[in-house]
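What TrEMBL annotates here:
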type: COMPBIAS; residues: 18-27; note: compositional bias 'Low complexity'
type: COMPBIAS; residues: 37-46; note: compositional bias 'Low complexity'
type: DOMAIN; residues: 51-111; note: domain 'Tim10-like'
type: REGION; residues: 1-46; note: region 'Disordered'
Amino acid sequence: MSWFGLGGSSTPKEEPVSSYSDSSFSSLDEQPSTNYTSAVSSSGGTSVNDIIMEEQQKVLVQQAIAKITAIAWDKCSAAKPDTSLSSSEVTCMQNVASSYLDSSMFIIRKLNGGR
């Protein structure tokens, strides 16, 4: 098919669909150019790898919050839809979230050597 579907054959061809995979972006895992990294680091700035790592950590926190919310909702919400949560549902969700965070922190400490 030609640009913007103009001209070419009269029968439309199916466009290939690409799928995301981690291997598609394996080149992103490689170290960036040392010239750029050293220039940023020597000027007192943050390296590109540090920025990427910080963004990845933000994503992990967002995923954890979403997971905690889903777990708490499944355990505590009543089957009836309502415009607000009852006080017992709120308390239950707070307790589930707190327990989940406590157990996650315990596991992280154990994996890091019990610090």
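Using N, Cα and C of the backbone, Cβ positions are placed for all residues, glycine too.
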Overall pLDDT for the domain 'Tim10-like' (51-111), taken as the rounded mean: 82
Structural state census, the domain 'Tim10-like' (51-111) (DSSP three-state): 51 helix, 0 strand, 10 coil
